[in-house]
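What follows is one structure encoded as structure tokens, with my remarks underneath.
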Amino acid sequence: MSMILSASVVRVRDGLPLSASTDYDQSTGMQECRKYFKMLSKKLSQLPDRCTLKTGQYNINFISSLGVSYMMLCTENYPSVLAFCFLDELQKEFITTYNMMKTNTAIRPYCFIEFDNFIQRTKQRYNNTRSLSTKMNLADMQTEIKLRPPYQISVSELGSANGFSHIPVGEYKGTGKISAAPHQRLEPVTLPGIVSFVLSLLCGALNLIRGFHAIESLLQNEGEDFSYVIAFFLGTAACLYQCYLFVYYTGWRNAKSFLTFGLICLCNMYLYELRNLWQLFFHVTVGAFSTLQIRLRQPQGKSPDYNV
């Protein structure tokens, strides 16, 4: 008999289980699948957003979006289209019910356990395929899966119970290999981080405008100092580079952000005669705030074991 056996909601960055359906099956096959669930949850940040793991009698399917992964275990003959429609429905309900701030700041495992009620109701509905015909449209999901099939994770790609073995690197387009990731993934963006990014762009734009005005003034008055132009454009470059450091991971990222902040301070010190104290304070404060946000947004570390 084809059916969905269990489902869970897991945070991508560290594998923290947020909610899960109650599972009473204690068979050997189910115990083995729980190990696969745990191993997968620790590597979600390194996997594509739609995957399938076939373990013989059972399949594990999952999708990831907005820092949360929705995983389910079903029998091997359960239709793939129905499986991903089920996960898509869990995703839509979870996003509607809980905001991203709550999921990002959650500390305790299963802190959204009340979501289990929706999982159980949806699971029962999907296990009774007759009730689905009027409640969903399979055509869209069938088309999407044909265009971008889930990445097939083989059991051989899984290492011991402590983690994964090396997964071959290639180009992921749904059916291919997992894409190479030269940049390590950073933690999810926070509201202060977004504010710092926008303010850095603003400061860069202001420096750029003042730089062009300085060039215009230089062309009209031969006695103007060209070094002011350099200072404005260096300030623009420093602000834009802080935006880059906030978005992407690079080596010596924190040191680079401090050096960039130092350059911002030096440029504003040199431009002391062209700016009032409030303008200087604004540019330096934004630089310091951006440096702090770069420091706080660290790479995603090794996933702790939550005994999923």
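Quick reminder: no glycine exception, Cβ is built from N, Cα and C everywhere.
Annotated in TrEMBL:
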DOMAIN    8-119  domain 'Longin'
TRANSMEM  189-209  transmembrane segment
TRANSMEM  229-248  transmembrane segment
TRANSMEM  255-272  transmembrane segment
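Taking Cβ pairs closer than 8 Å, the transmembrane segment (255-272) reaches residues 207, 227-228, 231-232, 234-235, 238-239, 241-242, 245, 280, 283-284, 287-288, 290-291, 294-295 in its own chain, all 6 or more past its ends.
Here the domain 'Longin' (8-119) is broken down by DSSP into helix, strand and coil counts: 48 helix, 29 strand, 35 coil.
Per-residue confidence over the domain 'Longin' (8-119) averages out at a pLDDT of 85.
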